[in-house]
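Visitor: Take a look at the following structure, please.
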Ligand SMILES: *[C@@H]1O[C@H](CO)[C@@H](O)[C@H](O)[C@H]1NC(C)=O
């Protein structure tokens, strides 16, 4: 017995490690094959052309009609089947056997209400709108993956769903896509976002919570307007709002464990027009963020209490609105450990071990979190920084620009993750 047990453990260990080595070997061959195809000059020119077309005609959330048409035209010419409309302008394409397992890849489609200040040949043609968050590249990378996968469809051991999702920039497009049944039966999902702080050729992510859960609020404090010389005859909402906003800061500094990450930010305040008038009303609003859903509910509850009670202290009244219909709160973005490990392994074989980085947790939000709540999900970022090209400007900057060399890397990354996921999990279905 004493000999038998270690022997059994040892043989299990040997079996597993050689199996893993074999799997990694196949995965790296596959990743390299896909990368070589994507870097082919004809493929590269096509994927750049797609990205530039989307870039020139940016559309805001749930208005992505032209972008959606372009996606469908490209899918038609590749001979790829798709469902449309899903969540108004969204498109969900399918490649493979039509059977389980189903693995999804996601690209968001919408632009931002921002004037592009980069002067280049394919600058935005629409005044006041710009792809300053790289969703044009996400669409091009996913269409690139469609082309790579369609050429290998006979080899797919299941089905890849390519999800072109509308309205990521505050419209909760992911929520609406799920509600429309766009991802029914999907076993796991992967999403990729460009990252101008990382050099082209690198990828990054982290297991567990990666991005914050976020919510928005707006508040109106109503007092009683009057002459500035007689404050005792009015009820000053400016003083009430000032102390309320200062009190809101104590929720994080005095009520939150200092080792836990939470944010409350008031981003605007409006009230009053003249130096000698006490106004009737002051309005303000902001966002709150946490890395746990409990944290998010706590902040929401306390924001309401603090505003209402502080207003009452100053003999004013308050209305707090969390805009859950229009500006739906986003859950915490959590990377599933198993999907994360899979993507990391495939990613390293694609870009090389030293070009994978552990990404820090940031308190930004992303509606991909609606997927991560419903199914195992992983989100990675892909570097687009090249100082020569000045593609190191932050996301949402009017100077945002990408290094298009990242497009073939992203396309093959998507395709390699999906194909190898189906290879690894097909036996379980
Ligand atoms: C940056 O872009 C320039 C121009 O396309 C290119 O020559 C150079 O090799 C790139 N640098 C890196 C580090 O990729």
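Each Cβ is built from the backbone N, Cα and C atoms, and glycine gets one as well.
Per TrEMBL, the feature Mn(2+) binding site maps to 133, 135, 169, 193, 396. Among the features that TrEMBL reports, domain 'Peptidase M20 dimerisation' is placed at 217-310. Taken from TrEMBL, the feature signal peptide covers 1-20.
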Visitor: Tell me, by DSSP, whether residue 193 (Mn(2+) binding site) is helix, strand or coil?
Guide: strand
Visitor: Determine which residues of the same chain, besides 133, 135, 169, 193, 396, have their CB within 8 A of the center of the CB atoms at the recorded Mn(2+) site, and list them by sequence.
Guide: 108, 110, 112, 131, 132, 134, 168, 395
Visitor: Helix, strand, coil: count each for the residues of the domain 'Peptidase M20 dimerisation' (217-310), based on DSSP.
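Guide: The breakdown for the domain 'Peptidase M20 dimerisation' (217-310) reads 40 helix, 31 strand, 23 coil.
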Visitor: I need the most crowded of these binding-site residues: 135, 193, 396. Count other C-beta atoms within 10 angstroms of each C-beta and give me the top one.
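Guide: Within the set of binding-site residues, the most crowded position is 135.
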Visitor: Check residue 396 (Mn(2+) binding site) against DSSP and tell me helix, strand or coil, would you?
Guide: coil
Visitor: Name the residues of the same chain, 6+ apart in sequence, whose Cβ is under 8 Å from the Cβ of residue 169 (Mn(2+) binding site)?
Guide: 60, 61, 110, 111, 112, 133
Visitor: According to DSSP, does residue 135 (Mn(2+) binding site) fall in a helix, a strand, or coil?
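Guide: It is helical.
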